[in-house]
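As recorded in TrEMBL:
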- 48-195: domain 'HhH-GPD' (DOMAIN)
- Cys197, Cys204, Cys207, Cys213: [4Fe-4S] cluster binding site (BINDING)
Amino acid sequence: MAIAEAGSLLALKRRARKINRVLAEKYPYAHAELDFRNPFELVVATVLSAQTTDVLVNQVTKILFARYPDARAMAEADPLELETILQPTGFFRAKARNVLALSTRLVDEFDGVVPGRLEDLVTLPGVGRKTANVVLGNAFGVPGITVDTHFGRLARRFGWTASDDPVKIEFDVADLFEPRDWTMLSHRVVFHGRRVCHSRKPACGACPVASLCPSYGEGETDPVKAAKLLKYELAPGNEALLEQLLAETHRAAEIRMESQRRPG
Ligand code: SF4
């Protein structure tokens, strides 16, 4: 590697790690936004989260897992009943088929237990590399980078990758960070994408990593106007929720669920 190239990689790494540190301070309460109590629930919830919101998936899985608590029960589910439960998440016929096939394969090949290896996970129907990494990182504690649409967009804006391909993005970003940081980095970047660095209107003027971001200026730079673009607990008027999340980071998932249930 040429000296100049090595120097710029080092500079990129330093800046990337600084961004991660700032995001860690900003979102100490970042976590997987899908609710789950075990690897089976997480793998199913992740499959259901395609083309819909985590909030909606969390509402549906509450009913789903009360009815079918594990792979064996789910493998024997009535397909029509399953479709009815999954309907709010969209593409419900395909999702019902995948969830049934996934549960059947778990029962037939893995004794009803979700395997903890990437090469086994990707053999499950409906489970690609992204879902496998979510499950490994969050249910098994194996470091993983989860490249969803938010992560891909922000990785490009940060200059961590030039690619649109999720696997290439994953490898490009993996080169910049220690494996121990991969899982939390994924949560933080996705949190930032949902709240601040939106796809069409990034709130650059209210962004904590503005001074480190090569794409600063792609969105609104006026601080007052940018603040109005912020979402969820950062949105104007949600100061009490933000304070609660910061004060009780260990209960963040619960607090988020409670706040979603509150009217208004
Ligand atoms: S400065 Fe703008 S483009 Fe960069 S991360 Fe912040 S909101 Fe996104």
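Each Cβ is built from the backbone N, Cα and C atoms, and glycine gets one as well.
Residues Cys197, Cys204, Cys207, Cys213 make up the record's [4Fe-4S] cluster site, and a Cβ search at 8 Å around their centroid adds Arg157, Val196, Pro202, Ala203, Val209, Ala210, Ser215, Tyr216, Glu218, Gly219 from the same chain. With respect to Cβ neighbours within 10 Å, the binding-site residues Cys197, Cys204, Cys207, Cys213 differ, and Cys213 shows the lowest count. Broken down with DSSP, the domain 'HhH-GPD' (48-195) shows 100 helix, 0 strand, 48 coil. In this structure, Cys207 ([4Fe-4S] cluster binding site) belongs to neither helix nor strand by DSSP; it is coil. Model confidence over the domain 'HhH-GPD' (48-195) is summarised by a mean pLDDT of 96.
In the three-state DSSP reading, Cys197 ([4Fe-4S] cluster binding site) counts as coil.
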